[in-house]
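Visitor: Starting off with a structure, shown below.
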């Protein structure tokens with residue numbers, strides 16, 4: 001037990017700059033929305049090429065006037081029917097474009113004019129600062145979140161993390177009149193303790209001090225169950241709105257298990273024990289190592305088994321070592337293993353390629369210019385030999401002065417990215433006018449945002465290739481960095497799998513699909529201490545599966561609040577079988593990975609979490625501690641079970657049937673791909689309408705045959721169980737994917753099917769699965 005876990009965070013630290021207003025000065029958001037809905041006009045943000053006449057315009061107002069005239073040339077000359085002006089904003093430093101009030105027909109006409117690039121709707125009515133609750137379909141006020149899930153009321157979420165800044169308004173108890181449930185035995189200890197009806201427990205397992213020196217624990221706790229904070233934003237006003245966790249009505253308990261030296265296994269186990277003893281309902285663990293271990297040698301797996309056997313749902317991070325196959329950690333079947341995806345939000349910036357007259361889209365957290373309002377162009381500098389921007393020595397440093405230097409990122413996973421930060425600081429200290437930082441090819445379209453200081457724009461690998469080609473194509477390679485000072489919502493495609501999100505298959509149990517589910521984990525804004533190692537509050541941006549994990553912990557709390565008698569396996573099943581396998585922004589296409597390719601099941605698990613559907617799944621695949629014990633017996637043997645189950649005499653391999661990986665009653669189905677048919681069994685429990693009939697629907701490639709028996713399940717009462725078999729056969733050298741859905745009215749209970757070729761080394765085996773006759 002001497003291994004050391006790592007906080008699955010340090011991908012991003014943020015700082016922010018003032019945002020330009022989205023709405024008319026003095027306007028009212030509600031009134032503006034009502035006006036747009038009733039009139040047929042909508043505010044659109046339109047990107048256009050820069051005007052050709054700004055080079056001759058005088059500095060200052062002359063440039064602004066030239067841009068404004070150019071933008072107005074795209075618009076109808078008449079005001080709206082109600083007399084409102086068409087032009088809402090004219091952007092100059094932001095990017096080349098404007099915001100305007102247009103009907104759909106008028107926007108179509110605008111799009112046909114020379115110079116038009118693209119348009120997207122203004123999302124000014126979005127209220128969440130973290131934005132992820134609304135991205136997940138959770139909206140404050142009347143509706144599902146408040147009236148069905150009760151905001152997670154009565155549930156205690158315990159976090160094993162790096163401490164907490166209890167004075168943050170996210171942990172105030174306004175609106176929470178009820179104390180924690182009577183079973184709660186926790187208390188507040190340490191200097192960070194400011195307990196109330198929201199923050200009901202604080203305890204350090206690594207000394208007397210429970211404060212959050214990193215910022216990580218405060219961030220994850222507020223993401224899972226932070227209270228509503230009106231008027232929240234980044235430090236300088238970006239992404240203004242109302243902040244909230246996924247379960248804002250739930251209680252929070254923090255168990256500090258990490259110090260600057262790491263997170264010792266002993267502390268993790270002690271934290272798990274304390275949480276279960278105190279009476280938490282959900283444990284959220286954004287910790288993990290860089291490799292997997294047998295479950296009897298994995299402290300998280302051992303502690304989680306004890307928690308789950310006592311009715312506590314355990315949610316863990318999948319790890320940050322993607323996109324490498326087999327990199328997933330925290331892969332025990334009794335925990336919910338969470339991968340990380342993107343949201344539909346962008347902190348938009350750009351690189352204007354002056355000679356070509358185009359702007360390449362990018363992002364930036366720090367949208368400041370060293371010289372205020374300086375949008376003048378500079379020469380681009382890119383060197384294949386110095387592509388990592390390691391310009392050292394006086395002669396080399398002299399080359400960067402006055403230029404915008406193009407650099408290629410080294411690795412998003414460098415701790416705190418200090419190496420890259422120091423390199424960029426040196427480049428700017430040598431006189432660079434700006435820096436363009438290109439994602440690695442492995443990261444593709446996943447841009448993990450850091451605060452690299454003023455005049456830095458981050459771009460995707462694909463857009464970076466356009467910039468490097470422009471920089472080296474001729475001597476006429478002038479460029480300028482541009483900042484929008486605004487947060488753009490509705491970005492597509494979303495969600496996508498983040499490059500760093502760990503991938504399956506599990507190396508310990510490849511016959512159980514991992515990760516289980518995907519949740520928002522890229523550039524997540526949440527609560528933060530005033531000053532911490534990873535940045536400063538009151539809100540800050542971080543990326544990692546550390547951030548996706550508390551989202552699912554919050555969803556588990558919502559389900560537990562609505563269904564207090566459900567087991568951890570039932571809650572897990574509900575989350576998995578109702579998850580989205582398609583783009584959430586209405587496109588209907590599959591979830592994509594960091595290269596914009598269709599993501600496979602080893603990246604997405606069952607899909608992207610959908611909390612609204614998860615509270616009413618219809619059917620669940622339930623499992624007990626004895627079921628997991630039988631699986632451990634088949635996989636690792638009696639000695640391993642004794643370690644994991646802590647010598648519980650009721651759980652003995654001599655008394656239990658051995659359950660193979662494929663036969664475990666898991667919400668996903670993973671089997672070896674064989675020409676001869678293979679049959680597995682599953683049992684579902686009715687948690688929907690008492691009298692209901694479900695029909696099987698199979699989606700499978702032509703090279704895989706799937707038969708379900710029976711094809712119809714008829715239930716007569718709540719809690720009734722039905723068993724069915726799935727028989728699969730197929731051929732090919734690649735992993736085949738399909739799905740089985742049980743459908744009854746609005747209920748769609750979907751289970752991914754993964755069939756894996758038996759060639760190559762894939763220890764341990766899938767176990768003994770029954771061969772079915774033709």
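Just so it is clear, glycine is given a Cβ too, placed from its N, Cα and C backbone atoms.
Feature list, courtesy of TrEMBL:
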- 161: active site, charge relay system (ACT_SITE)
- 216: active site, charge relay system (ACT_SITE)
- 546: active site, charge relay system (ACT_SITE)
- 63-128: domain 'Inhibitor I9' (DOMAIN)
- 152-582: domain 'Peptidase S8/S53' (DOMAIN)
- 379-463: domain 'PA' (DOMAIN)
- 663-754: domain 'Subtilisin-like protease fibronectin type-III' (DOMAIN)
- 1-21: signal peptide (SIGNAL)
Visitor: Starting from each candidate's C-beta and looking 10 angstroms out, tell me which of the active-site residues 161, 216, 546 has the most other C-beta atoms.
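Guide: Most Cβ neighbours within 10 Å: 546.
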Visitor: Report, in whole Å, the straight Cα-to-Cα distance of residue 546 (active site, charge relay system) from residue 161 (active site, charge relay system).
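Guide: Rounded to the nearest whole number, the Cα-Cα distance is 10 Å.
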Visitor: By DSSP, what is the split of the domain 'Subtilisin-like protease fibronectin type-III' (663-754) into helix, strand and coil residues?
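Guide: So the domain 'Subtilisin-like protease fibronectin type-III' (663-754) is made up of 0 helix, 59 strand, 33 coil.
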Visitor: At the level of the C-alpha atoms, what whole-angstrom distance separates residue 546 (active site, charge relay system) and residue 216 (active site, charge relay system)?
Guide: 8
Visitor: Over the domain 'PA' (379-463), what is the model's average pLDDT?
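Guide: For the domain 'PA' (379-463), the model's average pLDDT rounds to 82.
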Visitor: Count the residues of the domain 'PA' (379-463) that DSSP assigns to helix (H, G, I), to strand (E, B) and to coil, and report the three numbers in that order.
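Guide: Helix, strand and coil residues of the domain 'PA' (379-463) number 23 helix, 17 strand, 45 coil.
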